[in-house]
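**Student:** Encoded as structure tokens, here's the structure I'll be asking about.
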Amino acid sequence: QGRILEKTGLCSQITFGRYVRQGRKLGLDPKLFIQDLQFNEVPVRVYQPKATSDGPRRGILFFHGGGWVFGSLDTYEKVCRYLSRESDSVVVSVQYRLAPEHKYPAAYEDCLNATQHFLQHLEHYGVDPARVIVCGDSAGGNLAAAVSQTLAGRSDVPKLRAQILIYPGLQALDFNLPSYQQNRGVPLLFRERAAFFALLYLNGDALHMQEVLEGSHIPPDLRLKYRKWVSPDNIPEEFKVRGVTPLRPTDFIAEVYETVKRFCEPNLCPLLAEDSVVHQLPESFILTCEYDVLRDDGLLYKKRLEDNGVRVTWYHLEDGFHGIISLYDYCGFSFPSGKRGLDSVVNFLKSL
């Protein structure tokens, strides 16, 4: 497989992409104590405010974005410092294993293991067991949603206080939802790239990308089963004004489904979790961007949570695009709406 990747130049592309996104090493932070540790053999970076605190602090587990393929502790250093400083919380940034070298469920398992370790050792970091939050952007939002679902029914560790999902990718059944059609060519995440990343995470290769984009990878009976959760009908009308084309169903191709059938697992596509799981989820914050192929994943999950009686705070960036939060103070430039998005997260945290 590595050889196939090399032949197509994919490996070198990915290596180069990771290098470009590395992020600069930052100096010391006068307000934070920062250390690199391992939680259950998963590398993490822990950010602790230096100021004394009246009582135990909030704890935030942060899973970075990057399509499960890119991103590192360094890439998200500024974001994590900002969250820790501004919300006066202990932040644990998790360096999960990346695809295509490590396929699903590696990233999910790393995030779950790091979270469980933290939940078992909260007192060591001065964290309040009643105020632990999972948070992530893009692929990290996917991982936060999956971890949150896994821990929802558990009684052996403290219950999560909330989940914060920043333009999360939550399903791989339908790459033709309104937001996929409207924003197919909008940076930083093109429609093709979204399917490409999902396949790299699942299988370590992007074979059958065309069939997946067309929708011939899901059997008609399953499509019907999931229609109540994944359908343009569940998207509010105001998000369709920029135009949507109703698509003819494509022919189902059984051998493609064989290679991607794990797309129906909630740990990979959290939007497909059963109601019995969804209604146990903690209070949620969902941020969506208008110019983002993943916008509708967030809107569909918001509806599922609300339908199941989960309290949701929704923040929509009318002028936002995918990845805008990770560009906060990036190489000296910043988008006002990215800062607004980040501050909406901080305000939500302060309310917990």
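Every residue, even glycine, has its Cβ placed from backbone N, Cα and C.
Residues or ranges marked as active site by TrEMBL: Ser138, Asp292, His322. Residues or ranges marked as domain 'Alpha/beta hydrolase fold-3' by TrEMBL: 60-207, 248-325.
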**Student:** Taking only same-chain residues 6+ apart in sequence, whose CB is under 8 Å from that of Ser138 (active site), what do you get?
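**Tutor:** Within the chain, Ser138 (active site) has Cβ neighbours under 8 Å at Gly65, Gly66, Gly67, Ile166, Tyr167, Pro168, Gly169, Leu189, Leu294, His322, Gly323, Ser326.
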**Student:** Would you count the other C-beta atoms found within 10 angstroms of the C-beta of Asp292 (active site) for me?
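**Tutor:** Other Cβ atoms within 10 Å of Asp292 (active site): 27.
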**Student:** Within 10 Å of the Cβ of His322 (active site), how many other Cβ atoms are there?
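**Tutor:** If we count other Cβ atoms within 10 Å of His322 (active site), we arrive at 27.
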